[in-house]
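J.: So TrEMBL lists the following for this protein:
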- C:69-258: domain 'ABC transmembrane type-1' (DOMAIN)
- C:12-34: transmembrane segment (TRANSMEM)
- C:68-92: transmembrane segment (TRANSMEM)
- C:104-125: transmembrane segment (TRANSMEM)
- C:137-158: transmembrane segment (TRANSMEM)
- C:179-201: transmembrane segment (TRANSMEM)
- C:237-257: transmembrane segment (TRANSMEM)
Amino acid sequence: MLPGLLILAVFVFWPLIYSIPLAFTDYSVVGDMHFVGMKNFQKAFSDSDFIAALKNSIQYVIIVPIIQLISLAFAVALNQKMRGVKVFRTLFYFPVITSTVAVSIVWSWLLSSGGLINKILLGTNILSEKISWLSNDQTALWVLMFITTWKGVGYYMVIYLAGLQSVPGELTEAARIDRASSIQIFFKILIPMLKPQVVMCSLMSVMSAIKVFDEPFVLTKGGPGNSTLTASLYIYQKGFQNFDFGYAAALSLILSVIILFFSLFVKLYNRKK
Amino acid sequence: MFNIKKKIAVSAITMGLVIGTMGCGAAPSTAQKNDGDKETIEFWTISLQPTFNDYFEKLIADFEGANPNVTINWKDYPKDTIQDKLLTSIASDNAPDVVNLNADMTLTLGDKSALANAEEFISDETKNSFFDGIYGATKVEDKALALPWYTTIPIIYINESLLKDAGIPTENYPTTAAEYYDWAIDVKKKTNLYGMAMEANIREILGSAGVPVFNEDYTELLINKPEAVEVIKEFQKLYADSANPKENLDQETRAQLYNSKQVVSVYSGTTFVNKFKTTAPDVYQNTTVIPVPFEHSVTTTMYLGVPDKSKHKEMAFKFAEFVSNPDNQLEFSKTANTIPSTKKTIEDPYFKESDGSLESQIKIAAASGLEKSKEIPVPQHILEKVNRDLQDILFNDKDVQEGLDKIVEEVNKQLKD
Amino acid sequence: MNRKIKKTFTYLILICISVIMVGPFLWLLLSSLLPNTNVYDFPYNVKLQSFSISNFTGVFEFVDFGSYIWNTVLISGASVFLNALIASMTAYPLAKLNFKGKDILFTIIISAMIIPSTAAMVVNYLTITKLGLSDSYLGVILPTSVTIFNIFNMRQAFLNIPDSIRESGRMDGASELRIFFSLIMPMVKPSIAVVVLFQFMASWNDFLWPMIVLNSTNKYPLSAALTMLNGQFAYNFGWVAAGTVLSILPTLFIFVLTQDMFVDGVSGANKG
């Protein structure tokens with residue numbers, strides 16, 4: 001236990017402790033540092049870009065229940081004994097291992113105005129004119145949310161598959177004999193049995209949704225306008241592109257409070273259940 | 001077995017010690033840097049290894065030969081990581097001595113006083129050897145933040161087979177901005193493909209059109225003046241007519257659109273040819289290039305900066321001068337197909353010779369654009385915001401004057417901070 | 001008959017989902033195998049002769065693949081091993097032993113997951129240089145040698161183990177350490193497999209941190225070396241595609257390998 005705590009202390013807690021006081025300075029790494037009091041926080045609350053970014057990050061949380069339900073369903077479906085199940089598991093895991101750069105090249109290509117997705121939607125008359133999915137301020141964020149879901153379900157599927165191994169087979173067998181439907185088994189037996197995993201995955205999922213960075217970073221850079229600007233992306237831009245680490249640290253603290261709030265919500269919600 | 005309390009206590013003390021030793025600030029660790037009288041100059045470039053190893057090995061050997069007490073330590077990092085690497089190295093007091101930067105980054109680092117003033121170190125001869133529009137761009141308040149090195153000039157790539165298919169003449173290409181916009185709309189009507197591909201950013205759209213973007217010291221954004229409004233309105237129309245694609249046009253997307261024959265002409269730099277030469281040989285065969293028909297050729301220049309924390313500024317500038325001198329730039333242009341930033345270099349007959357290949361056409365078209373070349377840096381700390389908001393106006397048909405006023409107001413506030 | 005239709009239907013749905021999941025990768029694979037073909041110009045005019053591995057050989061010539069793979073295996077292997085070991089040993093007391101402040105300690109650990117640390121990379125780099133570990137593999141590995149997620153995951157697994165197991169071990173006179181390694185660890189195999197899989201993936205793909213720590217290019221892991229393919233001068237989409245395909249294979253291999261560990265196939269099976 002000791003080495004683990006020591007490593008965490010040095011490489012996780014120390015940077016955290018280090019960055020809290022930074023929020024009250026104009027630290028830039030490359031230049032001199034001055035104490036600025038609450039100025040960074042005052043600036044944050046009147047910073048319309050940051051507010052917009054927070055809104056987008058919170059909107060992103062919508063994908064959490066969707067990802068969790070899909071990955072649970074995948075895990076249950078692929079936990080059966082059937083021919084080729086291993087192959088399907090591997091195929092479902094592919095988005096997780098495809099690198100972010102590759103994901104961005106392929107998806108921006110599929111989603112471009114002349115891309116395959118527009119061709120299919122036009123061909124089937126679902127759309128009457130093509131949409132530049134990632135350049136339209138109405139669709140861009142939803143598209144990113146879709147891509148995150150696509151990339152994330154395989155990840156949680158693995159955790160649920162591991163969790164399912166501790167669910168005794170007799171339990172579902174018995175339910176089946178009692179003529180319970182698959183859906184009933186799913187919601188009444190499997191989900192309660194997997195509760196620790198569901199709580200853990202939901203928590204992780206909430207945190208990574210609010211902190212989402214990769215997809216807007218590689219696909220839209222936050223645009224058009226502020227429509228896909230997320231809090232993490234904005235903080236990154238303030239820190240690593242503007243060298244405004246003091247302000248970035250202040251924004252991080254504000255974001256932490258929000259994540260804390262959502263995490264408590266997830267915990268309380270599950271406790272009630 | 002597990003005496004937890006004791007272990008926690010020990011770990012807390014150890015943690016305290018570790019933090020304590022680290023807390024005393026970044027003490028300089030220069031021991032390994034000085035080797036007797038020898039000076040070691042650390043030189044960083046962006047994405048040039050391993051392609052140009054031979055060129056740099058010779059360059060470094062030449063410099064070391066002339067300055068026997070100097071060792072050049074060359075390192076190369078990809079574009080996406082060099083900035084983080086620079087930041088961490090400056091933080092730990094191991095800053096490189098000469099570093100390859102783009103103009104935006106140069107301004108942002110200059111804003112934080114992290115770069116040494118070149119004017120204090122280099123000769124007048126060196127200062128005057130560069131194109132003014134490029135050297136002057138990174139000069140703020142009489143401080144030259146960096147020396148220009150190699151540059152890229154935009155040209156227009158045209159897929160002629162698409163024009164032929166639609167019966168559009170493949171000669172007398174547009175020579176003014178207005179002609180080009182009309183041409184693009186006409187091409188769109190006749191081919192039902194995008195006529196042009198320019199990105200919705202201030203450099204390409206407003207910079208090319210000759211609209212002033214900043215005041216001289218980069219403390220004020222000027223893009224809400226009537227002439228800027230007019231250009232943006234023109235582009236709104238180009239987007240609305242689908243003459244220009246509503247996409248985030250990074251180089252990769254431009255390549256996708258051009259290679260898939262969805263767009264007839266593309267505005268891009270001289271290295272864009274690499275994006276379709278091997279991957280779309282059919283497109284390569286049908287491509288021709290013309291100089292940009294705009295007021296300015298907006299260059300993308302690589303600069304050489306010397307961090308203020310460098311311990312060998314004098315020698316660092318000497319080396320930077322050497323790397324960017326006309327002869328070495330000529331040699332590099334020939335090796336890498338780039339455009340030099342020194343006036344003398346461009347007079348070399350090499351820039352007028354053609355062997356009939358697309359690459360030499362590109363070289364000639366680009367070199368002819370140097371006369372009207374202008375570097376338009378946008379300080380990195382406002383770049384993303386300006387471009388995002390501009391995109392919103394252009395893609396989603398927002399009110400131009402109102403939108404630009406808002407950008408200018410917000411950005412100027414940020415610049416004053 | 002009904003059963004057969006149901007089965008066909010299940011497979012049909014699974015295949016449809018697979019296409020969505022694997023489609024982008026397939027396109028990348030195709031791009032890597034079709035040099036001199038315009039992969040954006042759909043539908044392709046492809047003959048069998050167009051297929052070639054020249055992109056792959058090109059990548060091999062451009063970067064010294066063999067030594068980079070060795071570097072990556074070294075880094076990832078050490079990181080995976082350390083994580084599996086340290087995370088389990090840290091999580092076990094948090095789940096099973098009783099000591100004062102246990103819950104507070106766990107809460108503190110978890111809360112660190114919440115706070116995004118902007119300056120972490122800079123601060124960690126300072127720490128690594130202070131420890132004299134810059135330009136060393138230890139410097140690359142150490143900060144990721146245990147992650148909070150892995151501790152969290154292992155703790156969850158230990159919680160599921162009934163206390164009676166520990167009791168019985170103790171009755172046999174086994175030491176706490178022996179109980180841990182020979183009784184408890186085998187029972188959490190699925191979770192260890194998850195740790196191995198995720199950690200391998202994370203360190204195999206991480207390129208930024210190794211590049212920050214390492215000064216010599218020849219020490220780079222593969223992911224960092226592959227970023228060289230993205231330069232404006234050396235750019236060749238076929239090579240990028242080939243490099244990406246190559247870099248995915250080891251993770252794929254690990255997935256196939258660990259799959260049998262986290263899915264027992266016996267206890268979880270419930271229908272045919």
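FYI, residue positions are counted from 1 along the chain as it appears here.
Using N, Cα and C of the backbone, Cβ positions are placed for all residues, glycine too.
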J.: For the transmembrane segment (C:68-92), I need the partner stretch with the highest count of C-beta pairs below 8 angstroms, choosing only from C:12-34, C:104-125, C:137-158, C:237-257.
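T.: Going through each listed stretch, the top one turns out to be C:137-158.
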J.: Which residues of the chain, 6 or more past the ends of the transmembrane segment (C:12-34), have a CB below 8 A from one of its CBs?
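T.: Contacts of the transmembrane segment (C:12-34) (Cβ under 8 Å, skipping residues fewer than 6 from its ends): 44, 46, 50-53, 55-56, 237-238, 241-242, 244-245, 248.
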J.: In terms of Cβ proximity under 8 Å, which residues at least six beyond the ends of the transmembrane segment (C:104-125) contact it?
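T.: Residues 94, 134, 143, 148-149, 151-152, 155, 208-209, 212-213.
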J.: Residue list, the transmembrane segment (C:237-257) vs rest of chain: Cβ under 8 Å, 6 or more residues beyond ends.
T.: 25, 28-29, 31-32, 34-35, 39, 55-56, 58-59, 62, 65, 72, 196-197, 200-201, 204-205, 222-223, 226, 229-230
